[in-house]
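The block underneath contains the structure these notes are about, expressed in structure tokens.
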Amino acid sequence: MRTLWIVAVCLIGVEGSLLEFGMMILGETGKNPLTSYSFYGCYCGVGGKGTPKDATDRCCFVHDCCYGNLPDCSPKTDRYKYHRENGAIVCGKGTSCENRICECDRAAAICFRKNLKTYNYIYRNYPDFLCKKESEKC
């Protein structure tokens with residue numbers, strides 16, 4: 001519970017669905033979303049280019065692609081509701097955009113959990129200049 005409170009305090013200044021996404025990540029992985037995923041590999045965090053470094057980074061690549069398929073939505077600022085049923089993330093009722101954004105975030109949080117065993121600390125705070133190649137196609 002203490003960790004949840006600390007993450008919530010850290011995310012107070014975060015806009016829109018990034019808050020919900022962070023809470024999903026915490027719930028699925030037990031990891032602090034800011035320190036564990038914000039600057040991981042070539043795709044976790046702002047932007048992205050090159051080849052994903054591992055399965056966790058590929059989760060972020062797929063998440064970026066998912067957001068890219070929502071041209072009429074604002075994934076980083078539109079808020080949505082979700083809850084958990086028997087431990088599973090369930091996106092709540094909302095607009096079409098809110099539901100699709102929630103589903104993108106849900107899939108990424110689950111992907112992070114499924115790849116916890118291969119999470120590699122050498123990719124935390126990974127330098128952007130090492131991600132030189134053109135981005136893969138979604």
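FYI, residue positions are counted from 1 along the chain as it appears here.
Cβ coordinates come from backbone N, Cα and C, glycine included.
Since we're looking at a predicted model, the values are computed, not measured.
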According to Swiss-Prot, which candidate in Asp64, Asp72 joins Tyr43, Gly45, Gly47 at the Ca(2+) site: Asp64
Cys97: disulphide-bonded cysteine as recorded in Swiss-Prot, out of Cys66, Cys73, Cys111: Cys73
Per Swiss-Prot, the disulfide partner of Cys42, chosen from Cys111, Cys131: Cys131
Disulphide partner cysteine [Swiss-Prot] for Cys59, chosen from Cys10, Cys111: Cys111
Rounded inter-Cα distance in Å - Cys102 (disulfide bond), Tyr82 (site 'Putative membrane binding site'): 8
Residues within 8 Å of the Tyr43, Gly45, Gly47, Asp64 Cβ centre (excluding the Ca(2+) site residues themselves): Cys42, Cys44, Val46, Gly48, Cys60, Phe61
Inter-residue Cα distance where the pair is Cys73 (disulfide bond) and Asp105 (active site), in Å: 14
